[in-house]
Amino acid sequence: MPGIVLIGAQWGDEGKGKATDLIGTKVDYVARFNGGNNAGHSVVVGDESYALHLLPSGIINPNLTPVIGNGVVVDPEVLFEEIDGLESRGIDCSHLKVSEAAHIIAPYHRTLDKVTERFLGKHKIGTTGRGIGPAYADKINRVGIRVHDLFNADHLHDKVEASLHQKNQMLVKLYNRRPIDVDQTTEELLKLGERLKPYVANTGLILNKALDEGKTVLFEGAQATMLDVDHGTYPFVTSSNPTAGGACTGTGVGPTRITRVVGVSKAYVTRVGEGPFPTELLDESGEWLRQQGHEFGVTTGRPRRCGWFDAVVNRYASQVNGLTDIVLTKLDVLAGLKEIPICVAYDVDGERHDDMPTDQAAFAAAKPIYETMPGWDEDISNCHSFDELPATCQAYVKRLEELSGCRISAIGTGPQRDHVIQINSLVD
């Protein structure tokens with residue numbers, strides 16, 4: 001049975017949670033493979049809306065096993081807050097599996113994230129201040145703390161001491177802050193480890209055995225393609241690999257086990273934080289999209305930057321991820337527009353670029369080249385097949401598919417779980 005990767009094809013907030021939940025009804029395991037609690041996603045079930053930041057969105061489904069892979073950085077405090085919140089609403093979380101090799105976000109990572117961002121001033125990246133970057137930096141610098149380190153007091157103390165040696169020097173001498181106490185930090189982490197222990201497992205082994213047994217595994221990426229530390233709009237990116245390749249390194253499953261790569265794209269584009277955004281709308285059209293689409297961050301509450309659909313970005317996402325399918329979300333938001341622009345290429349210093357510039361200075365200078373499609377007025381939330389959509393809406397979808405270089409296999413037509421038109425199966 002297949003290993004299916006689900007990733008964001010733009011700058012995040014594309015509706016991956018809803019797409020994951022849709023596909024998740026047909027799979028046995030849902031595994032997050034990157035990021036931390038810096039990305040939020042919402043899952044709507046009936047009249048209930050669940051805002052998740054760290055837990056896989058498949059946690060809502062009692063018939064599958066949710067997994068947090070080794071590529072995720074885990075803030076235990078946030079994890080327990082989410083578990084407690086769900087269990088208070090009757091959602092059982094006891095089937096959650098957390099990789100013993102995942103790295104921990106310690107309190108000092110959050111402190112450093114906030115202090116460093118303020119220190120950068122106008123050069124800030126626009127982080128959420130939740131310690132994600134510093135935790136990944138420790139991982140690369142080989143001074144990180146893994147989940148299994150929380151179960152050995154002496155070993156943990158040594159690792160915390162090693163990690164804080166340089167950080168305390170920076171806090172005191174560079175940022176004029178107090179040093180962080182090693183003993184107190186160790187005690188706090190040991191207590192968190194006690195509660196975390198029942199969920200901890202060798203998740204790489206679990207997922208590989210599941211695939212060997214013919215189970216279907218969905219690999220759920222946080223953030224999105226354009227925020228990938230290698231393939232995104234560097235340096236305005238996250239600290240991990242949300243692209244399809246990250247599913248393998250972030251779970252311990254080999255690339256030959258992946259049979260389908262599904263990208264999620266909004267029918268328009270949004271972005272949170274700093275960085276270039278060629279189709280961004282700074283006028284009333286952008287505010288209209290923001291209000292119609294309720295474009296405010298799940299994690300931070302920040303208003304999202306909004307713009308028209310960027311086909312150059314989607315073609316790039318298709319290439320980088322090897323997309324087999326696209327799930328197009330929030331098509332309903334565009335109802336009421338007389339005309340809908342689509343960015344088909346860029347103008348960079350007078351030259352047309354049909355593909356993504358590798359030079360970020362060129363990308364920052366890119367001006368969108370638009371073609372315009374007629375809009376529609378009808379409410380499409382009750383449409384259950386592609387043929388039921390208004391003719392101009394169908395034409396818009398077909399044009400996006402053509403420009404993206406990948407088939408559109410499902411369409412989101414509203415906020416509810418059943419507001420979806422399935423065109424092609426994403427599992428078979």
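From the backbone N, Cα and C atoms, a Cβ is placed for every residue, glycine too.
Annotation comment: Swiss-Prot describes D13 as active site, proton acceptor, evidence class sequence analysis. If you look up Swiss-Prot, you'll see H41 marked as active site, proton donor, on the strength of sequence analysis. Taken from Swiss-Prot, the feature GTP binding site applies to 12-18, 40-42, R304, 330-332, 412-414, supported by sequence analysis. The Mg(2+) binding site feature in Swiss-Prot is assigned to D13, G40; the stated evidence is sequence analysis. Residues annotated as IMP binding site in Swiss-Prot, with sequence analysis given as evidence: D13, E14, G15, K16, N38, A39, G40, H41, T128, R142, Q223, T238, R302. Taken from Swiss-Prot, the feature substrate binding site applies to V298, T299, T300, G301, R302, P303, R304.
Using a 10 Å Cα-Cα cut-off from G15 (GTP binding site), the recorded positions that qualify among N38, H41, P303 are H41.
Here the Cβ of N38 (IMP binding site) has 27 other Cβ atoms within 10 Å, regardless of which shown protein chain they belong to. G12 (GTP binding site) sits 14 Å from G301 (substrate binding site), taking the Cα positions as reference. L331 (GTP binding site) sits 20 Å from P303 (substrate binding site), taking the Cα positions as reference. Among the recorded positions N38, G40, H41, Q223, T413, not one has a Cα within 10 Å of the Cα of R304 (substrate binding site).
It is 15 Å from the Cα atom of P303 (substrate binding site) to that of N38 (IMP binding site). Only H41, of the recorded positions N38, H41, G301, T413, have a C-alpha within 10 angstroms of the C-alpha of D13 (active site, proton acceptor). The Cα atom of Q223 (IMP binding site) lies nearest to that of H41, taking the recorded positions H41, G301, T413 as the candidates.
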